[in-house]
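> For reference, the structure I am asking about is given below.
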Amino acid sequence: MRRRISIFGATGSIGQSTIDLIARDPQTYEVVALTGGQNIALLAAEAIKTGAQVAVTADETRLQDLRDALAGSGVEAAAGRRALIEAASRPADWVMSAIVGAAGLEPGLRALQTGAVLALANKESLVCAGPLIMRTAQAHGTHILPVDSEHSAVFQAMIGEDLAAVERVIITASGGAFRDWPIEDLAKATPAQAATHPNWDMGQRITIDSASMFNKALELIETKEYFGIAPEKIETVVHPESMIHAMVGFNDGALMAHVGAPDMRHAIGFALHYPHRKPLPVERLDLVKLGQMTFREPCEARWPALRLAREVMQAGGLMGAVFNAAKERALDAFIAEAITFPQMAAVVEEVLSDLSTYESHNPAEITLDKVAEADHLARVRADEFMAR
Ligand code: NAD
Ligand code: MG
């Protein structure tokens, strides 16, 4: 029997890399649902190419466009949030969660509820609702596989190891577009400059988050939530070459590193074939050509998001949902050129202190509704703060 696969966010950077891998082996996979947003032509083309059951655009005003693009193909067309959730509830064996932002949480939860294995690129799911998503996987007898390069690296370094023997986890950071800029120039940085990454080819939002290190901030929280590792054991180091993705340090002093080219098909392919390893079409590193790998301390004056992430991890409760939502609004405003690059962190910090009552939520009682409420309020507060 072929493996049933769905890809949420199929038209994005991660979605496209996932399709690249499965399209190399069409006999093995049966595609259930592909979802996308505004890029109807690409969504339709991929659905036809992979023989998907259904293609869903998140934008309900684009249903007719999608129908037209799929005419005669036999692929079902659907549109809107409700259709997305319906498609996510269709039985599948393996699901890629690669929508960007908090919008990716509910589809992933629905997939887990069907018992599917969830390959999780959408780190926001863990940041906003870590205990809920981990508990849902457990309750439905399935599991989540991390598809962030750092978390896939940690996962691989921990295979066969005992969590109790882990002394520290080191998540590497490239430093993004502005790692070498004078700090005083950051206020002049444009969205186009921030969306250029030195090593990785990714979606616009995560690339800007790499420059501000909000991406690394989300990843620190993601590490805590996914692996259950204490915040004080999680470190980050700037590693401009992006060859080591993460390291795990054990109680005997050993450091296990995952080294590989900056290509997300490493992490996606690992999750696709897990628990086996299969050949992947990724570059084999030539270490002599690479010459050297360097490391620097992450400067918190340049990247205040790292300090905010520590505060969020200490606070717990629903502060991850507040943090992420405030960050999403601040990022929207920066992209719209309504605030400057350094102002993003200031907005998030303000919202965190304003909504600190969300610290008191018991992790065991976090529900989708409570996450949605915290998320909504954080967006409102961020907008109010930015309007002043
Ligand atoms: P992207 O912007 O390239 O693609 C996002 C996808 O989500 C698109 O298919 C888009 O149509 C869809 N989408 C956007 N908003 C939506 C909404 N409101 N409802 C439904 N669908 C929506 O993003 P990406 O770079 O592929 O990142 C996807 C996720 O993977 C993010 O959570 C990101 O943090 C994570 N991630 C990405 C990379 C990478 O290399 N790109 C690496 C690690 C983790
Ligand atoms: Mg990452």
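The backbone N, Cα and C atoms fix where each Cβ goes, and this holds for glycine too.
What TrEMBL records for 5-130 is domain '1-deoxy-D-xylulose 5-phosphate reductoisomerase N-terminal'. According to TrEMBL, the NADPH binding site annotation covers T11, G12, S13, I14, G37, N39, N122, E124, G203. Positions annotated as 1-deoxy-D-xylulose 5-phosphate binding site by TrEMBL: K123, S149, E150, S174, H197, S210, N215, K216, E219. Sequence annotations record features per position, and here TrEMBL assigns domain '1-deoxy-D-xylulose 5-phosphate reductoisomerase C-terminal' to 144-227. Under the heading Mn(2+) binding site, TrEMBL lists D148, E150, E219. The domain 'DXP reductoisomerase C-terminal' annotation in TrEMBL covers 260-379.
Could you place these features in context, so I can see how deep they sit and what lies close by?
Mean pLDDT, taken over the domain '1-deoxy-D-xylulose 5-phosphate reductoisomerase N-terminal' (5-130), works out to 98 on the 0 to 100 scale.
In three-state terms derived from DSSP, T11 (NADPH binding site) belongs to neither a helical nor a strand segment and is classed as coil.
All protein chains included, H197 (1-deoxy-D-xylulose 5-phosphate binding site) registers 18 other Cβ atoms within 10 Å of its own Cβ. Reduced to three states, the DSSP call for H197 (1-deoxy-D-xylulose 5-phosphate binding site) is coil.
Applying an 8 A CB threshold to same-chain residues 6+ apart, the list for D148 (Mn(2+) binding site) reads A121, K123, E219, E222, A267.
According to DSSP, the domain 'DXP reductoisomerase C-terminal' (260-379) comprises 73 helix, 1 strand, 46 coil.
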> I need the neighbours of the Mn(2+) site defined by D148, E150, E219. Which other residues of that chain put their C-beta within 8 angstroms of the C-beta centroid, in sequence order?
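The answer, listed by sequence position, is K123, P146, S149, H151, I171, N215, K216, L218, E222, T223, H245, A246.
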> Which binding-site residues out of N122, E150, H197, G203, N215, E219 lie by ligand 1, going by a Cβ under 6 Å?
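Within range of ligand 1: N122, G203.
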> Work through the binding-site residues one by one (E150, H197, N215) and name whichever has its CA nearest to the CA of S13 (NADPH binding site).
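In terms of Cα distance, S13 (NADPH binding site) lies closest to H197.
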> Filter the binding-site residues T11, E150, G203 down to those with CB closer than 6 A to an atom of ligand 2; keep them in sequence order.
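If the test is a Cβ under 6 Å from any atom of ligand 2, the answer is E150.
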> Looking only at the domain '1-deoxy-D-xylulose 5-phosphate reductoisomerase N-terminal' (5-130), how are its residues distributed among DSSP helix, strand and coil?
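Counting residues by DSSP class gives 61 helix, 28 strand, 37 coil.
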> Residue counts in helix (H, G, I), strand (E, B) and coil for the domain '1-deoxy-D-xylulose 5-phosphate reductoisomerase C-terminal' (144-227), per DSSP?
46 helix, 11 strand, 27 coil
> Quick one: of the binding-site residues T11, G37, N122, G203, which has its CA closest to the CA of E150 (1-deoxy-D-xylulose 5-phosphate binding site)?
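If we rank T11, G37, N122, G203 by Cα distance to E150 (1-deoxy-D-xylulose 5-phosphate binding site), first place goes to N122.
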